[in-house]
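Asker: Okay, here's the structure, questions in a sec.
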Amino acid sequence: MQMQVVGLTTPQEVYVASKDRKFRINELLVLEDLYQGNLIGEVVESNSYNRFIPLSIGSSIHDADVLESLKHLGYSISEDEINIAKVKLITEASFPVVTGSSVRLPAFDEVRGHLLKGVREDGLLLGEIKNTEETAATMEDDLKGLCEMFSGGKLYKTKNVPFFLDLRSFQQYPHIGVFGGSGSGKSFGLRVIMEEIMKHGFPALMLDPHYEMEFSESQESSEEKRDFKDNFRKFQIGEHIGVEFLNLSRGDLLALLSAVSPLTEAMSSAIESLHLRGDTYLSFSNRLELLSEALEMGRLRIEQALKQDMEPMEREKHVKMRQLLEEYQNIPLPSVQGIAWRLRRLHNSGLFSHDIKPVKEAMMQGKLAVIQGPIWLLQVFSTYLLSNIYRKRRDYKDGELKGEASGDYFPPFIIATDEAHNFAPKGRDAATKGIITEIAQEGRKYGVFLILATQRPTLLDETVTAQLNTKIIFRTVRASDIGTISEETDIKAEEARRLPYLPSGDAFVSSPLFGRTVAIRVRFPHTRSPHTQNPLDEIQLHRENSEDKLLEAIKPHLPIYAASFARAVEEINRQAGANYEVRTLKAALDTLVENGKLTRKASPLGDIYQMADIY
Ligand SMILES: Nc1ncnc2c1ncn2[C@@H]1O[C@H](COP(=O)(O)OP(=O)(O)OP(=O)(O)O)[C@@H](O)[C@H]1O
């Protein structure tokens, strides 16, 4: 197996040819340069030619120089099969590589530094580095076969070099972007990242608008049975967690109300004067309701009413209304009503009936807290939650830095979310945008890290995108998104061209730690999402279940004449938990006949249905 550098070379890029070896994209090669010693390069394009498709027919890489030097090196261009790779040097050479230099595959130790960063114990094992099988053969045994891969319908142990993301390096490169279109493997990727974070017991918080981040069921097919029941806790907003109204700052309250629907300026200033220190939900909402009633009635009618006879409670109410009207007469009624309905909407969601203590507790214990809720409520709540825990961490850390007796300990943590473009959108406001931008810019100092996943990197706020040091990029088809990705990462033009065709689960990792883009395949997750049932299977299962139920319910009535359906249908419905009418019952029984479970015979009194096995 002979491989050589051919054609015109530069210090950054060369072509390598071989008669008998097909090059694999992203594999690493050693170029044995006579003067500069061994150089490491990565295959970025691979082509193969034979005499039936002569080299001279259009392709970017076989320019005249390549052809010329192939001839010099003894290749017979019209007869041999020739494989040619475009190779980018990973470490730049000082001057162009010598044409004709021998090329070989590296032993693992020669490229270890390019493939593994940090120590294994601190790494998040995301999967394998693509096309490193031959190099991996010379790897120490305890790095071999570390994770399960799923490809081509088969599950197997990896034969490639494992890919670790060094958790320790987050201090330097704190934030991660996960990009990829629908079905590209982004959710699987996020799941794997979160599983790895849980393995390290690193406190984390995940916003889960899709209700899919469940880690208690292990993959059935996997050999490595592993669940994370004790490593994560799931909270539904309004059900398990919420905000304590009493502890809300004015700013928090404004953020919450505006997340329901943007506030007008008049509303914001009304809140400034209407919200009082020590307000509970009840005292604040009562004030709003009474004021709005008072504004509607007007001073004159309130005075008149007070002159009439009234129940003491009614009187008290009217006195209070008069007082409020005096105090807040300049606030327009629509503003008060606008605030009141926003507040009611928050209250109806259950938001004010709970607090965030359980989330903090889970994080203090090094667990992953999964926060679920509809996206609007998630926005509202996470604004409050993120600000609260970030502040807690910042206060603790600042106190420590100043050498002051520090307050309560709160650990470093990771915040992860899918649909990140909803939480920090470009060009428009969202409740969460402020806090996410702040963490993107300042979080590093406090050990607060972001993992932001989105299908649409183009819609993510630029300030935030610019702070995402590490990017994991799955299949992306949309040209505008490929454009954004190309601008924001060190992804090579050849790789950008491959983005629309990446198989699900393959990704490019662009990270300053590696100094280049690494092509990986994400491992098979240990756990599965509750959504993985195929809708077709769901329908089939449901159908079988309801058929079985109907069969059980009809049994006592068999044999049954079509004419007797009217009498039996009610009881059958009760037993089968169904809602048949005479007509639909007949159709359902006919289906059972088709499936061979019942038989139908014509008789002078109409059709008779009977159990199939009797005949
Ligand atoms: N690492 C992987 N290994 C094996 N198969 C994978 C991997 N990642 C994804 N797949 C396959 O691709 C399918 C789609 O992946 P996934 O659900 O992660 O896509 P997605 O990008 O999150 O899409 P969406 O945004 O629509 O949810 C999976 O159901 C699985 O069959």
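Keep in mind that glycine also has a Cβ here, set from the backbone N, Cα and C atoms.
Okay, these came from TrEMBL:
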{"type": "DOMAIN", "residues": "160-483", "note": "domain 'FtsK'"}
{"type": "BINDING", "residues": "Gly180, Gly181, Ser182, Gly183, Ser184, Gly185, Lys186, Ser187", "note": "ATP binding site"}
Asker: In the same chain, outside Gly180, Gly181, Ser182, Gly183, Ser184, Gly185, Lys186, Ser187, whose C-beta lies within 8 angstroms of the Cβ mean position for the ATP site?
Answerer: Gln455, Phe474, Arg475, Ser504
Asker: Within 10 Å of its Cβ, which one of these binding-site residues (Ser182, Ser184, Ser187) has the largest number of other Cβ atoms?
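Answerer: It comes out as Ser184.
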Asker: Three states by DSSP: which one describes Gly180 (ATP binding site)?
Answerer: coil
Asker: Among the binding-site residues Gly180, Gly181, whose Cβ has the fewest other Cβ atoms within 10 Å?
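Answerer: Candidates: the binding-site residues Gly180, Gly181. Fewest Cβ atoms within 10 Å: Gly181.
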Asker: Just name the winner among Gly185, Lys186 (the binding-site residues) by count of other CB atoms within 10 A of its CB.
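Answerer: It comes out as Lys186.
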Asker: Determine the Cβ neighbour count for Gly183 (ATP binding site): the number of other Cβ atoms within 10 Å of its Cβ.
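Answerer: There are 10 of them.
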